[in-house]
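Novice: Dropping a structure here in structure tokens format, bear with me for questions.
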Amino acid sequence: MVSLHPLLDNGITPGSDSFPGGTLKCLCPSFPVEITLTTNVAHNHACGCSKCWKPAGALFSIVGVVPRDELSVTANGDKLAIVDESAVIQRYACKECGTHLYRRIEKEHPFYGLDFVHAELSEEEGWQEPQFAAFVSSVIEQGFDPAKIGEVRARFRELGLETYDSLSPPLMDAIAAWTGRKNGKYDLHSWLDCERRKGGGGGGQPGGVVCRL
């Protein structure tokens, strides 16, 4: 059986709609960088792109988003550095262990206002479980045997996750709507018109944030 990620290989553990957030730490054995999230992640998913941080041996990363004002660096932030300052999505990584703590967008972008994080770096339980798999075919570009990509998609389906070679349809629709609004095609709320949710809810967005068109 193909190995995807430690959080997926033994089955998916459901998260909690009422989970309030927690702390994420880098992998340094002493003085780790720590960030604190005051809400659960949303749109958590497996990602096959070459940019996302993955634990050793993992084929996919697991990444979700939180509003940027729900994230703060709470310990040893002096160890953080931006991996590529020219990139639209700036990745803040520990200079010692290389772990990516969060990604932030400072330029005009459909997802401006959201930070990307890896909830697996937390010891708390209750984070939203993965909802889908994105950029699946991208692992081929990184050296994965194309003859075995069908096994990868089949394994995701066994786990109950739909596979895409881009982001999920709701997120792709959001990008298209943002672009249409930017081009003056219609007057539309930004997809990042995010509201705090009082209590939990379904739809893949539990624990605090609602993003809508």
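Every residue gets a Cβ built from N, Cα and C, even glycine.
As the structure is a computational prediction, the values presented were derived from the model and not from experiment.
Below are the features listed in Swiss-Prot for this protein:
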- 19-165: domain 'CENP-V/GFA' (DOMAIN)
- Cys26, Cys28, Cys94, Cys97: Zn(2+) 1 binding site (BINDING)
- Cys47, Cys49, Cys52: Zn(2+) 2 binding site (BINDING)
Novice: Work out how many Å separate Cys94 (Zn(2+) 1 binding site) and Cys49 (Zn(2+) 2 binding site) at their Cα atoms, rounded off.
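Specialist: Rounded to a whole number, the Cα-Cα distance is 20 Å.
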Novice: List every residue in the same chain as Cys49 (Zn(2+) 2 binding site), at least 6 positions away in sequence, whose Cβ is under 8 Å from its Cβ.
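Specialist: In sequence order, Ser61, Ala134, Phe135, Ser138 meet the Cβ cut-off.
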Novice: For the domain 'CENP-V/GFA' (19-165), what does DSSP give as the number of helix, strand and coil residues?
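Specialist: Counts, helix then strand then coil: 26 helix, 50 strand, 71 coil.
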Novice: Please compute the mean pLDDT of the model over the domain 'CENP-V/GFA' (19-165).
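Specialist: Across the domain 'CENP-V/GFA' (19-165), the average pLDDT comes out at 96.
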Novice: List the Cα distance (Å, whole number) between Cys52 (Zn(2+) 2 binding site) and Cys26 (Zn(2+) 1 binding site).
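Specialist: Cys52 (Zn(2+) 2 binding site) and Cys26 (Zn(2+) 1 binding site) have their Cα atoms 15 Å apart.
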Novice: Taking the Cβ of each of the binding-site residues and counting other Cβ atoms inside 10 Å, which one has the highest number: Cys28, Cys52?
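Specialist: Of the binding-site residues Cys28, Cys52, the highest Cβ count within 10 Å belongs to Cys52.
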Novice: Within the same chain, and leaving aside Cys26, Cys28, Cys94, Cys97, name every residue whose CB is within 8 angstroms of the centroid of the CB atoms belonging to the recorded Zn(2+) 1 site, in sequence order.
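Specialist: So the extra residues in range turn out to be Lys25, Leu27, Pro32, Val33, Lys79, Lys95, Glu96, Gly98, Thr99.
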Novice: Which has the fewest other CB atoms in a 10 Å radius around its CB: Cys26, Cys47, Cys94, Cys97, the listed binding-site residues?
Specialist: Cys97
Novice: Compute the C-alpha separation of Cys47 (Zn(2+) 2 binding site) from Cys97 (Zn(2+) 1 binding site), stating it in Å without decimals.
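Specialist: Cα-Cα distance, Cys47 (Zn(2+) 2 binding site) to Cys97 (Zn(2+) 1 binding site): 21 Å.
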Novice: Within 8 Å of the Cβ centroid of the Zn(2+) 2 site residues Cys47, Cys49, Cys52, which other residues of the same chain have their Cβ?
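Specialist: Here the nearby residues are Gly48, Ser50, Lys51, Lys54, Phe60, Ser61, Val63, Ala134, Phe135, Ser138.
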